[in-house]
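**Q** Reproduced below are the annotations present in TrEMBL:
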- 15-58: domain 'RING-type' (DOMAIN)
- 84-107: region 'Disordered' (REGION)
- 113-153: domain 'B box-type' (DOMAIN)
- 358-551: domain 'B30.2/SPRY' (DOMAIN)
Amino acid sequence: MAESRIPVRVTHLCCRICSEVLRNPTTIPCGHNFCVQCIWECWDRNKRNDRPCSCPECGHVFPSTPQLIKNTTLAELVRDTQRLDNGSEKRKQQHSGESLHGQKRRRSCTETSGSTLCWRHSSPLDLYCCSDEEIICAICASTQHGGHRIGCVGEERRRRQEELKNMQTKSKQILHKQKKKWKNLRNILEQIQEEARQTEDYCEGVVVSIINSLQRHYQSVKELIGAQQETATAQVHSSIQSLKAKMEEMKKRDAELDHLAQTDSDVHFLQQWLSLQRLCEKEHLHPLHEVSEDPRLPFEFTKRAVEQIGRQLEEFCAKEFASISETTESGVGGDMQEGCEESVSQSQAVFSGVSSTLTEEIVEPTTRAEFLHYACKLSLDPITAHKDLVVSEGGKEVKLRPPQPFRNLTPCYPQRFSHRRQLLCREGLQAERCYYEIEVEGSKAEIALAYKGIVRKSRTTLSAFGGNENSWSLDRSKHYSVSHKGDSIQLTAPPSHHRIGIYLKFKEGTLSFYEVSDSMNFLYKVEATFTEPLYPGFWLGEKCCIRICDL
């Protein structure tokens, strides 16, 4: 009679401690089954750790350690199941004729997609081998995965589901950061294009101004040449007229001499001879009027002078424009380095803005050492300075020009403030956080930040720091006051220190002023929406000097 095959639940044949097929199974009083060795070692650890003797599966506590007896029926069931599995495996090999020695060990038990039965044993796939990362049945676990870490499919699914959620969360976070980074880089690209356009327009304005200046000088040279031409022409015309008159007289005398030579009367000859002799001697003593010098010499001198100016101008342009290229490529270049600090500062500010969006919120500074973490380099732009201001060679100090007995021949740049003693720095600030310090000598001064498009040539408040919508100003005199759009707020504290700290948070739209001594003395905070880079600027009163501090 054929042996009946009774389906067995896999969970009944596994030890809940080692997750493997039961070896020497035993049943404890609460009814759960374990390997004798596993449950004994578990209770021994509990005893050493002063914990009660309990069931590892249901937690039932026993008053004393139960006696462990082998469950022979369950042991026979495990043995029969393993023997049945071995016989089934041999039959499959005979019928299929395929050798399993060349197959990979990590082959999945589910050869058919979506199947929930083992392709070898037709048993439910309700176990998961963690060692081989493979879904298996109970027979596979007992025959091919001995000593491996085996668990239930449901538990493994829950664990993997949590990992999947974490992976999805991280993936979404990374995608969100990448989108923000992409958006910031797009903004940087637009800023680069806009800055390139503004730089091109600015350079074109400077060159056009130079060309206009050269044309004005050339017009004056043309007027000089015209004056030289008139003078030389008048001088030569005078000589021509004088020579023409003398020639007419000489022709008349020559005719009289010819007539005298042909007379036959001796008396008449001698009478006429004396008068003609005196006239000829007089003309010989007074020679013809001649030009004192070559009238072409002034033109030669003018050509040489203009030629020298052209040669010097060409050499100067070649040298300075070459230094611009060298500075851009190498980052150094003497005085020209300060001319490029604006571009360097803006790049650092933008990429600092990109990185700040990917970092956590930064704690607000309170001490000077903390403020110095956000220090930025600044230099004064002399081509924006009013004609009465003098900027030092390094671009760090500005003061009033001393009185001069002759006319001030300062070049008239379009960027120069015409009617107020003001100037701007080269660098535009738009980083997340910027800090700088200045020292003021004198009783009156204005410390400002302005947009690049502030009006430079007006006599009204359109050009005054704090008098329009394009600038914000801290006015320092007997008292402090803060101005914007012509509105002024007077502060109660009088100035007590010469050093002032300026702290800008561009994106948040705040501008704070401090008096700097041993501590940071807060003066005032402006709140606004900044739409373009801010350029530090200054107005100087009488006997005033402002210096940008090196931090």
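Along the chain as shown, residues are numbered 1 onward.
Backbone N, Cα and C atoms are what each Cβ position is placed from, and that goes for glycine too.
TrEMBL annotations: computationally assigned, not manually curated.
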**Q** Per DSSP, what is the residue count of the domain 'RING-type' (15-58) in each of helix, strand and coil?
**A** 13 helix, 8 strand, 23 coil
**Q** Within the domain 'B box-type' (113-153), how many residues are helix, strand or coil going by DSSP?
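**A** Each residue of the domain 'B box-type' (113-153) counted once, the result is 7 helix, 11 strand, 23 coil.
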**Q** Could you tell me the mean pLDDT the prediction assigns to the domain 'RING-type' (15-58)?
**A** 87
